[in-house]
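Enquirer: The following feature annotations were taken from TrEMBL:
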REPEAT    130-164  repeat 'PPR'
REPEAT    165-199  repeat 'PPR'
REPEAT    200-234  repeat 'PPR'
REPEAT    235-269  repeat 'PPR'
REPEAT    270-304  repeat 'PPR'
REPEAT    305-339  repeat 'PPR'
REPEAT    340-374  repeat 'PPR'
REPEAT    444-478  repeat 'PPR'
REPEAT    479-513  repeat 'PPR'
């Protein structure tokens with residue numbers, strides 16, 4: 001990968017491309033990023049803001065009102081941040097509720113580093129930050145994979161007199177568990193208990209779920225025993241997690257035994273517990289056992305939920321018991337439950353698989369009549385007809401659905417093709433696209449990019465390259481979004497070496513890369529464990545002004561780059 005910084009190798013002969021070597025950095029245009037200070041100056045010039053005394057609180061410029069296009073929103077948000085920084089540096093006290101809202105909106109706009117800076121300014125100004133604000137920030141960092149930064153934030157806040165709560169620790173535990181670091185999660189749990197904080201049901205659930213996913217359900221059970229020995233008090237949710245683990249490992253007899261042992265542990269199964277066991281019994285086709293379990297639920301007054309009905313419908317449809325699935329659907333409505341997409345889609349998929357087009361259309365009409373809008377699952381259910389060599393029939397159904405939507409057929413076709421590609425139905429998407437083009441639909445850049453991503457997702461990299469050949473043969477020039485889609489698909493397939501070749505081909509064809517192109521390549525290199533190389537490239541890109549500071553900060557935090 002290190003050669004990437006100096007030159008790129010030619011694309012392999014089996015894929016279309018060029019053989020000329022291209023110096024990567026020589027192709028980076030010297031673009032100027034838009035100055036935030038201009039927007040800040042405009043706000044100061046057009047907004048009547050009186051400078052308050054240092055003893056009073058000042059208000060920020062209103063970043064929520066005005067034009068709603070994304071660029072203007074970003075400028076207003078940055079202007080408010082810059083004004084806050086300016087006033088705090090002058091020794092003025094910020095308005096806490098307003099700054100909290102600013103921090104939240106910065107997080108929503110992926111400006112997490114600026115949100116952290118807001119928190120620093122509040123603490124530095126002596127504001128009494130509440131736990132919910134910084135717990136929110138910790139949670140946002142963890143959701144983005146920045147658990148290391150989140151842990152540092154907790155430590156800094158503790159130094160400033162803001163001790164973490166169990167909820168704060170739960171965000172850290174969950175973040176670590178999601179990213180496969182169970183060992184560190186357990187160390188964090190010990191630290192939590194040493195501080196006198198009591199883990200709650202969520203803490204145990206995160207840990208147990210991570211344990212059975214990472215090490216198997218037996219290890220999760222041992223962990224639960226250790227938690228109990230240390231004085232932990234798990235509840236039914238914790239045991240439901242273990243029951244899920246047993247079912248997912250296919251250990252049904254053990255799962256049933258574990259289910260029956262719950263009362264002896266002090267817990268009576270609830271509807272969630274029953275649903276976990278019911279799902280596995282039904283999908284294994286153990287109908288008698290499932291019926292006994294449902295009867296038991298009824299006897300003890302444990303009422304079924306929407307999920308219970310959908311489990312029954314989905315499993316019956318999977319096993320071809322359509323009449324029974326339709327009966328459950330009717331019973332569900334009679335008992336006051338409103339069916340959703342997950343109720344109808346399995347039935348439609350099975351009917352399409354069995355080539356029963358009229359019945360599938362009847363079910364679709366019922367779905368629409370009950371105000372349940374078709375969704376991605378519906379489109380993929382209809383695509384089952386394509387697998388049965390009934391492409392025209394599938395297209396006719398799509399056409400009927402499109403006519404019933406509130407937006408144009410062009411938008412409907414585009415969304416349908418994209419939905420199929422996202423779910424691994426790229427071949428049916430191509431088949432339907434052929435029918436759509438015969439009826440006047442011209443695929444746009446978005447649709448083509450969806451097809452490219454779908455092919456890459458399914459490992460058909462050569463076919464993804466061939467789309468570019470077909471486009472050029474038809475006098476359709478690929479644009480930057482098409483190239484970015486291919487580069488992203490290759491990076492996700494851990495073929496960043498090929499993505500660099502595509503980068504060279506793109507430039508050779510006269511398409512200059514944009515910020516997204518560079519960010520995708522940096523992330524691709526990072527995913528291949530070449531963190532130092534990715535960080536060096538990021539630094540160089542920023543110095544050449546083709547990478548904005550927001551993107552730089554996002555990537556730095558996401559991959560812990562040291563620049």
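FYI, residue positions are counted from 1 along the chain as it appears here.
A Cβ is built for glycine as well, from the same backbone N, Cα and C atoms used for every other residue.
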Enquirer: Against which stretches of its own chain does the repeat 'PPR' (305-339) lie, if we need a Cβ under 8 Å and a gap of at least six residues from its ends?
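Expert: Contacts of the repeat 'PPR' (305-339) (Cβ under 8 Å, skipping residues fewer than 6 from its ends): 271, 274-275, 278-279, 282-283, 285, 290, 346-347, 349-351, 354, 359, 363, 367, 370, 372.
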Enquirer: Going along the chain, which residues at least six beyond the ends of the repeat 'PPR' (130-164) come within the CB cut-off of under 8 Å?
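Expert: Tertiary neighbours of the repeat 'PPR' (130-164) are 100, 103-104, 107, 112, 115-116, 119, 123, 171-172, 174-176, 178-179, 181, 195, 197, 557-558, 560.
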Enquirer: Should anything in the same chain at least six residues away from the repeat 'PPR' (270-304) have a Cβ under 8 Å from its Cβ atoms, list it; otherwise answer none.
Expert: 236, 239-240, 243-244, 247, 252, 255-256, 259, 262, 311-312, 314-316, 318-319, 335
Enquirer: Could you give the number of helix, strand and coil residues in the repeat 'PPR' (270-304) as assigned by DSSP?
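Expert: Summed over the repeat 'PPR' (270-304), the classes give 26 helix, 0 strand, 9 coil.
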Enquirer: Using DSSP, tally how many residues of the repeat 'PPR' (340-374) sit in helix, strand and coil.
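Expert: Secondary-structure breakdown of the repeat 'PPR' (340-374): 26 helix, 0 strand, 9 coil.
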Enquirer: Limited to the repeat 'PPR' (165-199), I'd like the whole-number average of pLDDT.
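Expert: Averaged over the repeat 'PPR' (165-199), the predicted model reaches a pLDDT of 85.
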Enquirer: Across the repeat 'PPR' (305-339), what are the DSSP residue counts per state (helix, strand, coil)?
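Expert: Within the repeat 'PPR' (305-339) the tally stands at 26 helix, 0 strand, 9 coil.
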Enquirer: Taking DSSP states H, G and I as helix and E and B as strand, how many residues of the repeat 'PPR' (165-199) are helix, strand and coil?
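Expert: Taking the repeat 'PPR' (165-199) as a whole: 26 helix, 0 strand, 9 coil.
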